[in-house]
Amino acid sequence: MRTPVIRTERLIKRFGPFTALNGIDLEVYAGEVHALLGDNGAGKSTLIRLLSGVHQPTEGQIYVDGEPVSFRSPRDASKAGIGTVYQDLALNPLMSVTRNFFMGRELYTGPRPFGALRMAEMDRITHDEMIKIGIDVSDPQQAVGTMSGGQRQTLAIARAIYFGAKVLILDEPTSALGQKQQMEVLKTMMRVRARGDIAIIFITHNEVHSKLVADRFTFLALGEVIGKGSRDELAGEDIRHLMAGGVEMRDLEKELADIQAM
Amino acid sequence: MTQTQAAAGRRETDRLNKGGTLRRLSRRPEIGAFAVMVLVVAAIAIASGGTAFNPLGLKNNMAVIAQFGIIATAACLLMIAGEFDLSIGSMIGFAGMSMTMMLKWGLPFGLGEATPFTAFALTLVMTLGIGWLIGTIVVRSGLSSFIVTLAFLFFLRGVTEVAFRVINNSTQISGLPDYKQTSWFADLFGGQTFGWFYDAWFWLGGNINRAGAQWVTGFDARVMWWIVIALAAWFVLARTQAGNWIFATGDNRESARANGVPVNKVRIALFMFTAFAATIFAACQVFETNTADASKGNLKELEAIAIAVVGGTLMTGGFGSVLGVVFGAITFGLVANAVFFIPAIDGSYYRVFVGAVLLLAVFLNENLRKRITGGL
Ligand SMILES: Nc1ncnc2c1ncn2[C@@H]1O[C@H](COP(=O)(O)OP(=O)(O)O)[C@@H](O)[C@H]1O
Ligand SMILES: [Mg+2]
């Protein structure tokens, strides 16, 4: 059997008296999109903050490639190959695509930090890496502010991959975008998936999106896993049921009908 | 469903009109400053009947331009990183006081007589230390640099005045020996540079005084300092890793931090750089005139910021250029000095001009920012 790139074992996170996560088991495999679904407050963001080193688990263990790890900072996680693309994307709108791509990790010749930037080389790499996942930035010197939301997502993803991410965590990457750009991001995800060596954790509210791209699903509700499985194992009806935190659709319909009848 | 051919083949990237060279130029930060400079140079050349650019006129104008340029370059870099320094003017006064006091009364702690070098070096250690302190307070406290440096504006000016009165019984020092005659180090700040330029001018048949000999022999040394500082700042900002960090820090500090840019170090270093520029400014003044007084550098911080803004630096950080500051310094220097070449005008028109141009520049910059970021 394959080793998961990331595996968590009975992960618990408490904030004081409040238990945000209560024993999460998760397996994420390379070359797969793993959808992490659940209602607001279910604990999705908390879980990825544990995986990306922002918070430390109260109990439980994270494994990367089968080895136990403990991240003390986002830097540790990033060194271990976990690339997190947050909603704000950590991009600077006034700076060029290339300057953003290499922000903090510039290529230079000479003594740090006054070494001369190898701009032509960085332009070329940026252009090539963006093409690989589907966007042709004809002018890498254009400001990121001129790019659409979907293009910015792609830039942030390309950057994470280029700098060694083998697990890509995308926190609601489609939520702030228009229809067409949402599709662009989903396509980008599929191109990354097609490489085969990168695992994607895809956090979303959107059942349709998750069904379009995900190979595997984990449903969270109130800090616990209430269901998981591969695409084949889960029937369509199950997903909607689990998304709603385990509430039966029929119950909901009845409740709504009751209110209407009043 | 009907779909036109054009729409089917179009992609997101096609929507950005990259335009021609002209459009591209119009997105550069220094373009407005360049236009204003050309206008001002032409207007002053005509109104002064050419005297503003004769050998002596050029020397005098360049002296003022270089003064502005030195501090505005540093202010510009700091502003690109998203911070202000209102203490530049007081730092100039403090540094001038410190150097002249040591030269007159000897080094502190009974270390004996001061030379121009030791007076300068010890002063620089102090001003860099204060710059470091200002930067550290700003990054540690999270307070606005506007307030922190405003405090240092008052504090340093006060310290300068008190030190003058207590030690010197007067708020000015004069009658120091002419160090630039005896010390190469003092000459580096107070002497002349680019003599070859005026030699060549004379050799070509110009630059002749009434007696028929060579008239002007060189620019003030500060012109050389300005050129060195501006070149270094341009290189660092546009071409180095540190430059990318400066832009990143001012554009969006949190995303810069998330990508591993040492945003605190960048800001502290730039507060030290403005302190350095103020010290160079003061040293040039001290070693040229061999005097100092407690009001030196007054309001210079505001002129430096104004020049940086006119040069295309955004008040909100993340964008600007050293070349724009060069154009801005030339513009401001010429207008500040115009009264000497065009006797008919009132010197206070300088401030009227600064106010008007500043307002215009802020509008232009805001428009530029929207064009850069607002595109789609
Ligand atoms: N730093 C924190 N301190 C206290 N409670 C927190 C903290 N972070 C998250 N929580 C709580 O944990 C629960 C799960 O939050 P979150 O992981 O953001 O959910 P989701 O991303 O699924 O909407 C919420 O009830 C939230 O209030
Ligand atoms: Mg969330």
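Backbone N, Cα and C define each Cβ position, glycine as well.
Feature annotations, reproduced from TrEMBL:
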type     : residues  : note
TRANSMEM : B:31-50   : transmembrane segment
TRANSMEM : B:62-81   : transmembrane segment
TRANSMEM : B:88-107  : transmembrane segment
TRANSMEM : B:119-139 : transmembrane segment
TRANSMEM : B:146-164 : transmembrane segment
TRANSMEM : B:184-204 : transmembrane segment
TRANSMEM : B:225-248 : transmembrane segment
TRANSMEM : B:268-287 : transmembrane segment
TRANSMEM : B:307-336 : transmembrane segment
TRANSMEM : B:348-364 : transmembrane segment
Per Cβ pairs under 8 Å, the stretch of B:119-139, B:146-164, B:184-204, B:225-248, B:268-287 packing most closely against the transmembrane segment (B:88-107): B:268-287
Stretch-level contact, the transmembrane segment (B:146-164) and the transmembrane segment (B:184-204), CB cutoff 8 A, at least 3 pairs: no
Folded-back contacts onto the transmembrane segment (B:31-50), same chain, C-beta under 8 angstroms, at least six residues removed: 25, 57, 310-312, 324-325, 327-328, 330-331, 334-335, 338, 341-342, 357, 360-361, 364-365, 368
Seg_contact(the transmembrane segment (B:307-336), the transmembrane segment (B:225-248)) with at least 3 CB pairs under 8 angstroms, min sep 6: yes
